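One structure below.
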Amino acid sequence: MAEMAAKGESPEVLFWVGCAGSFDDRYKKVTIAFIKILNKVGISFAVLGEEETCTGDPARRAGNEFLFQMQAMANIQVLDGYNVKKIVTACPHCFNTIKNEYPELGGNYEVIHHSTFLQQLINEGKVGLKGGGEFKGKKITYHDSCYLGRANNIYEAPREVLQALDAELVEMKRCRTKGLCCGAGGAQMFKDAEPGNKEVNIERTEDALATGANVIAAACPFCMTMMKDGVKSKEKEDSVEVLDLAELIAKNEGL
Amino acid sequence: MQYISQIAFLVVVAVATYFLYKRITQIRKNILLGKAAGRNDNQPDRWKTMLLVAFGQKKMFKRPLPAFLHLLVYVGFLVINLEVLEFVIDGIAGTHRIFAPFLGDFYTVLINVFEFLAIGVLLSCVIFLIRRNVLGVKRFKGSEMKKWPTLDANLILITEIILMFAILTMNATDMLIQGQDEHYAQTGTFFFSQFLMPLFEGLSVSTLILVERFAWWFHIVGILGFAVYVTYSKHLHIALAFPNTWYSNLKPKGEMENMAAITNEVKMMLGMPVENAEEPPAEIGRFGAKDVNDLSWVNIMNAYSCTECGRCTSQCPANITGKKLSPRKIMMDTRDRAEEVGASIAAGGKGLEDGKSLLGDYITKEEINACTSCNACVEACPVNIDPLSIILQMRRYVAMEESGSPASWNSMFQNVETSFAPWKFAPTDRFKWADELNKEPN
């Protein structure tokens, strides 16, 4: 972003990478897949690089409102400094926070999640629908992220993205408004679960495996981690892949 | 003699009204222990939500069978209450079935409709009792469903069954009396209660009148008594569902309420202009919620609107996997605490200063720490109760007033502060992922 700003350019969209997309080895692949798609369709975009910091979502959900607002204000100053208007992100938590919670602190942007962004690219014919791709006829199940679904009523965009793969979309018994959380939301990602008789991600992975799908599609870095760990503990990692929507599209496009 | 029954009726109504009024005033006070909520915006949407969700029962239909049975009871409740109008006029005026001569055949039709609904209510309540006590549907169980909540649920159902029986008995004996005493208003045949007639055949007219009057009095006193009982019961949802949905959160469920007091502090720290800077800062009680008075009044109204159906808890990922958290318990605890504080204040006691608090004595940290903020409970609630709001406000209290968050959350806070990410990575490594992109041939 800084480079573009120095050249006096302003990108069409800012890609908010998020902490998981920046640091988590698994989710970095999603970041790269999404960048490849952006490059392919020739959209001018920028990232904040080292100037990006945590949106504050986990701090806020864990109760530390003070820290959240410090983060939010700092981020808003950076975003406004570059006169950012439109933001796309692959993290539903970043998406929810910037879209719904930054306006009250003075940060107003058009924020879209990458599932909606990909759906728009597909509808515009810029991506997908080639037919006969890698996933044609394969069984894919989609795990609803709480922060997309119930939190923001985004249920169809990710499914429409999957349909573009010409795959067989199979639903879990708990889906859409009744979708079961992966177990990581509300800052659970950053602590051990409270005492119980089962891990939430195992319960959810069982839902996913029961569909007989070869691919569990996710659209959130935390869901990705939880489902991946779930599949691993069920010793199914050889037959079942957990992939992000951007990875699926990028693979289908041969990127 | 006639005047005695009229006076008795008025006395009964007056006593019931007195208790109802007292109780409603008390509940209002208890709810207003909470802070202002600012939910008067967007009124057209609020009316629409209330019409759809409360009046139209939209969210109930996610589970079709209980929704259908509940609809029968609900419509029965709304429509049969029209008949109570006749009860009241008869009671005050000392008349008997005052509408019958005016409405003629239509009266028969009306009463038949009421009887049909009464049968619907009766059957539904019987099925509900079976679901609770025989089939043992899981969401009616749970650690918070102790003696009183279980008894309360059964009492409501049994009372409704008995009240419906009273109507049918009254109609059956009335028809028998009509056959023997032409002074009685002729009403035609009532389809359902005629099947009860054999039970009373052969009784003398005076006995029949006695039974009929007993059923009449039983029904009206029963209804009034039940109305008072409801205010102490989970059944209060029949009234509060309406305001509760009107005051729903209309924003996206993922959005957390902003804390303006903190915004001002943060702005001052960052040297940014603060709104209303000249005004002295409003008195800040405490950050987050420890007790009922820290919550908003809508939170407390939510608690009084809860009918303990357990849809929230049955959808809660933490509860499903055996954690202590149960969103229903959060609501029941909030109500119990509001009742306790309200009763104490009314009795001139210590109220909020009784050394107890909602967080700690009712709700534990283990419960609130188990929440994934997934909004499944909020989505599941047929009357738009928001248990998550209470949980998150309590987390704020624990984090900011007690610094009592779990150790790994405190480390996460530290990471965000120092590394600007919830994990401990060097901020300068944030852009390293791009190296991999550059490595690959394009």
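Cβ coordinates come from backbone N, Cα and C, glycine included.
According to TrEMBL, the protein carries these features:
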type	residues	note
DOMAIN	B:297-328	domain '4Fe-4S ferredoxin-type'
DOMAIN	B:361-391	domain '4Fe-4S ferredoxin-type'
TRANSMEM	B:6-21	transmembrane segment
TRANSMEM	B:67-89	transmembrane segment
TRANSMEM	B:109-130	transmembrane segment
TRANSMEM	B:151-170	transmembrane segment
TRANSMEM	B:214-232	transmembrane segment
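Here the domain '4Fe-4S ferredoxin-type' (B:361-391) has Cβ contacts under 8 Å with residues 49, 53-54, 57, 59-60, 62, 237, 240-241, 244-245, 248-249, 253-254, 257, 289, 295-296, 299, 302-303, 305-307, 309, 311-318, 323-331, 333-334, 336-337, 398, 404, 406 of the same chain, all six or more residues outside its ends. Sequence-remote contacts of a segment are chain residues at least 6 beyond its ends whose Cβ falls under 8 Å from one of its Cβ atoms, and for the domain '4Fe-4S ferredoxin-type' (B:297-328) they are 27, 30-37, 39, 63, 138-140, 142-145, 149, 152-153, 234-237, 240-241, 243-244, 247, 334-335, 338, 364, 366-368, 370-372, 374, 376-383, 385-391, 393. The stretch from B:6-21, B:67-89, B:151-170, B:214-232 that makes the most Cβ contacts under 8 Å with the transmembrane segment (B:109-130) is B:67-89. For the transmembrane segment (B:67-89), the residues of the chain that approach it from at least six positions outside its boundaries are 13, 57, 60-61, 95, 97-99, 110-111, 113-114, 117-118, 120-121, 123-125, 127-128, 160, 164, 167, 216, 219-220, 223, 238, judged by C-beta separation under 8 angstroms. Across the domain '4Fe-4S ferredoxin-type' (B:361-391), the prediction's mean pLDDT works out to 98.
Applying DSSP to the domain '4Fe-4S ferredoxin-type' (B:361-391) sorts its residues as follows: 17 helix, 1 strand, 13 coil. According to DSSP, the domain '4Fe-4S ferredoxin-type' (B:297-328) comprises 20 helix, 0 strand, 12 coil.
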